[in-house]
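Colleague: Quick one: this structure, given as structure tokens, is what I'll be asking you about.
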Amino acid sequence: MFRILDKQVLSPVIKQMVIEAPLVARKCQAGQFIILRIHEEGERIPLTIADFDREKGTITLVFQEVGKTTIQLGSLEAGDSIRDFVGPLGTPSHIEKFGTVICVGGGVGVAPVFPIARALKEAGNHVIGIMGSRTRELMFWEDKMREVCHELFVTTDDGSYVRKGFVTDVLKEVIEERGKDNIAMVLAIGPQPMMRACCNLTREYGIKTVVSLNSLMVDGTGMCGCCRVTVGGRTRFVCVDGPEFDGHEVDFAELARRSATFRVEEQRAMEHHQCRCGQGCGGGR
Amino acid sequence: MTESKTPKKQIIPNKHPMPHQDPVERAKNFNEVALGYDEETAVAEAQRCLQCKKQPCRQGCPVEVFIPDFIKLVAERDFAGAIKKIKEKNALPAVCGRVCPQENQCEKYCTLGKKHEPVAIGRLERFCADWELAQGVLPQETAPATGFKVAVVGSGPAGLTCAADLAKLGHRVTIFEALHVAGGVLMYGIPEFRLPKRVVQAEIENLKKLGVEIITNAVVGKFATVDELMEEEGFDAVFVGTGAGLPIFMNIPGENSCGVYSANEFLTRTNLMKAYLFPDWDTPIKVGRKVAVLGGGNVAMDAARTALRLGAEESWIVYRRSEKELPARHEEVENAKEEGVKFAFLTSPTQIFADDNGWVKGMECLRYELGEPDDSGRRRPVPIPGSEFTMDVDTVVVAIGQTPNPLVPRTTRGLELGRKGNIVADPETGATSKPGVYAGGDVVTGAATVILAMGAGRIAARSIHDYLMNKKAQS
Ligand SMILES: Cc1cc2nc3c(=O)[nH]c(=O)nc-3n(C[C@H](O)[C@H](O)[C@H](O)COP(=O)(O)OP(=O)(O)OC[C@H]3O[C@@H](n4cnc5c(N)ncnc54)[C@H](O)[C@@H]3O)c2cc1C
Ligand SMILES: Cc1cc2nc3c(=O)[nH]c(=O)nc-3n(C[C@H](O)[C@H](O)[C@H](O)COP(=O)(O)OP(=O)(O)OC[C@H]3O[C@@H](n4cnc5c(N)ncnc54)[C@H](O)[C@@H]3O)c2cc1C
Ligand code: SF4
Ligand code: SF4
Ligand code: FES
Ligand SMILES: [Mg+2]
């Protein structure tokens, strides 16, 4: 069992949890993820390691409640336990001194961007952060991002905070202003359409762009092939070959189709969950 | 003894039939298909054995179970003695009695089998093991603690056997398992209806009683490497039994469509994650109306039969060669046929078509004919030009084989690897090229059988013990 030491509600649908998992904390690096299973009948879901404390042996997760499992996870409190927690999984981010890098986090994607931005800064890069969310209420970790970015741009789709616009709008402005040759790399993590849009933009400028893919997963160790995705015309497994890939090579359309494989069942799982737990866990939102 | 030498023993030509769940019923549930012998049937079957002096049956068993001896005890109704006899050689009889390919092993060499049906050795082995499980297994003796620590990576039959043997020799054993339950393929691959998970878990409970510690959710190569286990965590030796878990795909167009699963994914969702109990259990699975399973081995049979149980109207085995070459166990092919699985022999897909949402809507195949024998001695299937046709399917399960997972091989310093990424280990000892590191099971041989993995775990345990005792003598 893995104990939840702390829980923060970052927005009505975004929660942060600190989990006691010393074996994972000891070795994990930026860009890696864990897979957890809440209870015996639960499914295995992947979540990115958003932060870690090697000394305390803890892992910080930030997740958005989108369906049965994340809602149920969000209903747990500090002191509760999670049945299974495995990691660190996936290949760590490739960190070296590139020069100026832009780290773009969309929505809950800000959480996985954070440790990578921090590692890039520590490696001597000039880190420009761009973070965006649909609306002010969903914005979190601005302070933490400010600590690990030399410059930080914030935007909301609806203009309810700082400015109105998508992260791609800001990205374009920054690239235009600095000049494409002065940007060594872009890292973009967030919802699939956002990553795709960032890649379409940077492709025009010829700037190398890394994305972190969120395919369906089961085991997370290369055993099932459920996470496969086409990158550069080749089939790759996101859980072991990724989750980071060259965004210009990713077949996003295929990824989107495969991600939707169980849409109907996911809906059913939610309904089943709500009718079993009533209002108790906030299933209805 | 004089008694059993009576020259004119009455020969009963056929095995006592195994009671089975009715095929129509069972194709709709996940309960065990073969129900097992009762005491009377077991004793009667045991009496068929001729107690041959030369014991040819034993030579067919990879771990040389004392077959005539245990069968004699069954005939005498000494079931406790019989299971004890079996366990001297086989640590997982409840499993092997169910899933061993007996027709190619022990039973193939049975004297009775020359003219009649062989003695049902596997069924008798299963009977004894089930009898013991029903009684509650007695704790086994362990040698005094040696003070040595051994890490076992992977909890399939190879790892479980190695761990049990080492624990009995007095070593402190820790198993590291990547998944959330121990058992390897026995838990995630072989379906409930062929190998009930309670049987596997009972074996694992026995192991815990021997003092073996099992740490699940622990991926070696990720939370720690084999080198770190030895250098930082103080393990004196390591056994690697990580299996052959990496699925092979066909590499044909359309293979990443929705509704195309590897057999591993299909079976893991169903067995390990219990998707057949969805939505009470959370993990979903989706099978359509018509399922095509590519391949002809045990894995393919399991997938095809699982598909029917998940509600498919039609479940097809699509196999490149002919029925004669099917690598699956004969009994399982028969079971599959009885349940309504259909077979498309001499057929192989060339591409998978998807609808606008990316879901499988058909599969283009080529027909084959058998040509000259290839390296394996089997006649090589050759495509018939222009024989393309489309199979109307909406789900495809790829079951054409697995290779070893590269995680441990790639992260361990100084480990010699074979051409297919398998770990090279001495078959006599299990020793790898790295001192103190031993390996066995599918990670060494490629996908094989439970009993071979078990045998390899046993051999390695013996060598690890010798290695540690040597180390002690030298220090
Ligand atoms: C490597 C990786 C890292 C991730 N990190 C984070 C993170 O830090 N924070 C966060 O909020 N989300 C993260 N996700 C996404 C998260 O795993 C899904 O939101 C979660 O699994 C949804 O489960 P559910 O039951 O709540 O929702 P469901 O209603 O079951 O599913 C909603 C959607 O989530 C996706 N999903 C469902 N099941 C799985 C699964 N087993 N594996 C992967 N995706 C699934 C599907 O696209 C699905 O349509 C990550 C995904 C991956 C692959
Ligand atoms: C569907 C199916 C049906 C089969 N049917 C039969 C049958 O009827 N009869 C028969 O004899 N054989 C059958 N087999 C084959 C048989 O199951 C295998 O040969 C046998 O299980 C191999 O045992 P193993 O111990 O080498 O590996 P496995 O059983 O594969 O176990 C390996 C274990 O190691 C774990 N692992 C992998 N990597 C790591 C890591 N880095 N860190 C920690 N743990 C790790 C895995 O999660 C797994 O639990 C079947 C196989 C399948 C897939
Ligand atoms: S272990 Fe397998 S091969 Fe050996 S006697 Fe038992 S069933 Fe036969
Ligand atoms: S070969 Fe057959 S008949 Fe002879 S001892 Fe073995 S099981 Fe009995
Ligand atoms: S999640 Fe199973 S192979 Fe990647
Ligand atoms: Mg879900």
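Using the three backbone atoms N, Cα and C, a Cβ is placed for every residue, glycine included.
Quick paste from TrEMBL:
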- A:V62, A:F63, A:Q64: FAD binding site (BINDING)
- A:C224, A:C227, A:C239: [2Fe-2S] cluster binding site (BINDING)
- A:1-95: domain 'FAD-binding FR-type' (DOMAIN)
Colleague: For the recorded [2Fe-2S] cluster site, whose residues are A:C224, A:C227, A:C239, find every other residue on that chain with a C-beta no more than 8 angstroms from the centre of their C-beta atoms, and list them by sequence position.
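Modeller: So the extra residues in range turn out to be A:S215, A:L216, A:M217, A:V218, A:D219, A:G220, A:T221, A:G222, A:M223, A:G225, A:C226, A:R228, A:F237, A:V238, A:V240.
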Colleague: Within the domain 'FAD-binding FR-type' (A:1-95), what mean pLDDT does the predicted structure show?
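Modeller: On average, pLDDT over the domain 'FAD-binding FR-type' (A:1-95) sits at 96.
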Colleague: List the Cα distance (Å, whole number) between A:C239 ([2Fe-2S] cluster binding site) and A:F63 (FAD binding site).
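Modeller: Cα-Cα, rounded: 18 Å.
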Colleague: Can you list which of the binding-site residues A:V62, A:F63, A:Q64, A:C227, A:C239 come closer than 8 Å to chain B, going by CB to CB distance?
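Modeller: The answer is none, since no candidate qualifies.
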Colleague: Hey, how far is A:V62 (FAD binding site) from A:C227 ([2Fe-2S] cluster binding site), Cα to Cα, in Å?
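Modeller: Between the Cα atoms of A:V62 (FAD binding site) and A:C227 ([2Fe-2S] cluster binding site), the distance comes to 21 Å.
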Colleague: When you average the Cβ positions of A:V62, A:F63, A:Q64 for the FAD site, which other residues in that chain have a Cβ within 8 Å of that mean position?
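Modeller: Surrounding the site, in chain order, are A:L10, A:I14, A:K15, A:Q16, A:L47, A:L61, A:E65, A:T70, A:V108, A:A111.
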Colleague: Can you give me the Cα-Cα distance between A:C227 ([2Fe-2S] cluster binding site) and A:F63 (FAD binding site) in Å, rounded to a whole number?
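Modeller: Computed Cα spacing between A:C227 ([2Fe-2S] cluster binding site) and A:F63 (FAD binding site) is 19 Å.
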Colleague: Between the Cα atoms of A:C224 ([2Fe-2S] cluster binding site) and A:F63 (FAD binding site), find the distance and write it as a whole number of Å.
Modeller: 24
Colleague: Tell me which residues of the chain lie with their Cβ under 8 angstroms from that of A:Q64 (FAD binding site), as long as they are six or more apart in sequence?
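Modeller: Correct list: A:V13, A:I14, A:T70, A:G107, A:V108.
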Colleague: Can you tell me which of these binding-site residues sit near ligand 1, meaning the Cβ is under 6 Å from at least one of its atoms: A:C224, A:C227, A:C239?
Modeller: none
Colleague: Please classify the secondary structure at A:C239 ([2Fe-2S] cluster binding site) using three-state DSSP.
Modeller: helix
Colleague: Among all protein chains shown, how many Cβ atoms are found within 10 Å of the Cβ of A:V62 (FAD binding site), not counting that one?
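Modeller: There are 22 of them.
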